[in-house]
Amino acid sequence: MARTLRPSPLCPGGGKAQLSSASLLGAGLLLQPPTPPPLLLLLFPLLLFSRLCGALAGPIIVEPHVTAVWGKNVSLKCLIEVNETITQISWEKIHGKSSQTVAVHHPQYGFSVQGEYQGRVLFKNYSLNDATITLHNIGFSDSGKYICKAVTFPLGNAQSSTTVTVLVEPTVSLIKGPDSLIDGGNETVAAICIAATGKPVAHIDWEGDLGEMESTTTSFPNETATIISQYKLFPTRFARGRRITCVVKHPALEKDIRYSFILDIQYAPEVSVTGYDGNWFVGRKGVNLKCNADANPPPFKSVWSRLDGQWPDGLLASDNTLHFVHPLTFNYSGVYICKVTNSLGQRSDQKVIYISDPPTTTTLQPTIQWHPSTADIEDLATEPKKLPFPLSTLATIKDDTIATIIASVVGGALFIVLVSVLAGIFCYRRRRTFRGDYFAKNYIPPSDMQKESQIDVLQQDELDSYPDSVKKENKNPVNNLIRKDYLEEPEKTQWNNVENLNRFERPMDYYEDLKMGMKFVSDEHYDENEDDLVSHVDGSVISRREWYV
């Protein structure tokens, strides 16, 4: 009985599965089968197409893209899933239009590694269905396209490709800036972070928020690059001991690289003198002054001195402390200066020391105990008991009495002066005020005013601007301008007219010895009738007999 050959056309979607020409040639040597019916001839290509596609569609599984790190190892995965017999598996690398065999696994002859890959390529296991290899010590030349190929019988070859990208892990370092950080100086490079020969170029960032970064990048022919980042700041002594951190990020790194740097700010000494509590008195012992200095670099010299240039006995300078060996006396009063020096300069501080009188102490007199005498039972001899009384108390009481007397005298004198001043002010204010009261009697208007309001009509007595006393003294004829014939003149119809705007114009009597338009009348006109006038603070004189609105 003859075998039926299954032809091998290419399957859609299975472009990476190929059949060798030798299998087709071998198939042509077989006996021809009987001629099938016409319906079978039409269905045969479809059945054969379905058979091949089901057998070879996606038979090799690989990772399309693999990232390798220079100098390290990488695994290239290749799993073969076919039902046919696998006669050989191999790895090839594409170089342009040609390929180079990397490694071969034959079920009968074993493993074989070609050329430059010897000693660097190993198959993961001995199974023909797993062609995964490990490539050791990755170099730049290992990047490119690799093909995993499987040879089956009788269907031929099947293959899939993967692309290897070689990354170079950067070499990271952190160094101190070239210049020292001096307090108050210009902007200075504090630290330099370098990520050298990375592929691709690394990314550098800084943590610290004390300054700003400045980066430069240099590229090389092997596609690597070096980045240098400088951290700049304005130095200040308060930033001493602060931490800044360089953070390097790169795809070849499993995690970010972080390098920290402690700022070392140099500054001149900051000096302060302590130890004086303000209660140094004559006779006090065990006191000292201490010179505190904060400097970077540390100070190498401390010197004590006095502002007046004197140096009393009993002063001992040891390191940064000035000891007062002897009990204090008034000679130790003065201004003490401490000068501290380091490589950046000299600073000083001073302290004013005042030695006061010793505090008042109470000394008890020795007392004699009372001893009863038993020599004679009838006459008991005793000594008077002396009560303890401090000697200094009498002086204190005397001083307090004198001080009390002096304070009383001074206080009494001040009180008398104060009372005198207040009395003078009161009298002065009273003299400046008016001498009397306004005329406050109830005013009874004339009978004619009770009948009809004539508030806008001037009365005859209101036209007299001066009292009778003034008129009698002057003895001048009164020139009364208000005449009957004058009021009757037709051109003077505005006089005493209520509806006229000029109704308030009032004629005045004329006196020869007085000037018209005087604002005030002198006091000599009121000698005989002084009580009728009132003098005000502003200097004006008001008559009691007048009514004012």
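Each residue, glycine too, has its Cβ placed from N, Cα and C.
For 1-57, the entry in Swiss-Prot reads signal peptide.
Taken from Swiss-Prot, the feature domain 'Ig-like V-type' applies to 59-165.
According to Swiss-Prot, the feature N-linked glycosylation site maps to ASN73 (among others). Counted within 10 Å of its Cβ, the other Cβ atoms near ASN73 (N-linked glycosylation site) come to 13, all protein chains included.
What Swiss-Prot records for CYS78-CYS148 (among others) is disulfide bond, and it gives sequence analysis as the kind of evidence. In this structure, CYS78 (disulfide bond) is part of a beta strand by DSSP.
In the three-state DSSP reading, ASN83 (N-linked glycosylation site) counts as coil. Under the heading N-linked glycosylation site, Swiss-Prot lists ASN83 (among others).
When Cβ atoms from all protein chains are considered, those within 10 Å of ASN125 (N-linked glycosylation site) total 10, not counting its own. Residues or ranges marked as N-linked glycosylation site in Swiss-Prot: ASN125 (among others).
With DSSP classes pooled into helix, strand and coil, the tally for the domain 'Ig-like C2-type 1' (170-258) is 3 helix, 51 strand, 35 coil. What Swiss-Prot records for 170-258 is domain 'Ig-like C2-type 1'.
In this view, ASN186 (N-linked glycosylation site) is surrounded by 9 other Cβ atoms within 10 Å of its Cβ, with every protein chain counted. Swiss-Prot lists ASN186 (among others) with the feature N-linked glycosylation site.
Annotated disulfide bond per Swiss-Prot: CYS193-CYS246 (among others), in sequence order, evidence recorded as sequence analysis. Other Cβ atoms within 10 Å of the Cβ of CYS246 (disulfide bond), summed over all protein chains shown, number 25.
Positions annotated as N-linked glycosylation site by Swiss-Prot, on the basis of experimental evidence: ASN222 (among others). Long-range Cβ neighbours of ASN222 (N-linked glycosylation site) (same chain, at least 6 residues apart, Cβ-Cβ under 8 Å): PHE140, LYS199.
All chains included, 27 other C-beta atoms sit within 10 angstroms of the C-beta of CYS291 (disulfide bond). The feature disulfide bond is assigned by Swiss-Prot to CYS291-CYS338 (among others), with sequence analysis given as support.
The N-linked glycosylation site annotation in Swiss-Prot covers ASN331 (among others). Under the three-state DSSP scheme, ASN331 (N-linked glycosylation site) falls in the helix class. Around ASN331 (N-linked glycosylation site), taking its Cβ as the centre, 12 other Cβ atoms fall within 10 Å, counting all chains.
Same-chain residues lying 6 or more positions outside the transmembrane segment (405-425) and placing a CB less than 8 Å from one of its CB atoms do not occur. Taken from Swiss-Prot, the feature transmembrane segment covers 405-425.
The average pLDDT computed for the topological domain 'Cytoplasmic' (426-549) is 54. Swiss-Prot lists 426-549 with the feature topological domain 'Cytoplasmic'.
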CB contacts under 8 angstroms to CYS193 (disulfide bond), restricted to the same chain and 6+ apart in sequence, sorted by sequence, are VAL172, SER173, LEU174, ILE204, TRP206, ILE228, SER229, TYR231, CYS246, VAL248, TYR259
Quick note, ASN83 (N-linked glycosylation site) and ASN186 (N-linked glycosylation site): C-alpha atoms separated, nearest Å, by 77
Expressed to the nearest Å, what is the distance separating CYS338 (disulfide bond) and ASN331 (N-linked glycosylation site) at their Cα atoms?
19
Where CYS291 (disulfide bond) and ASN331 (N-linked glycosylation site) are concerned, what is their Cα separation in Å, rounded?
21
With H, G and I counted as helix, E and B as strand and the rest as coil, say where DSSP puts ASN125 (N-linked glycosylation site).
coil
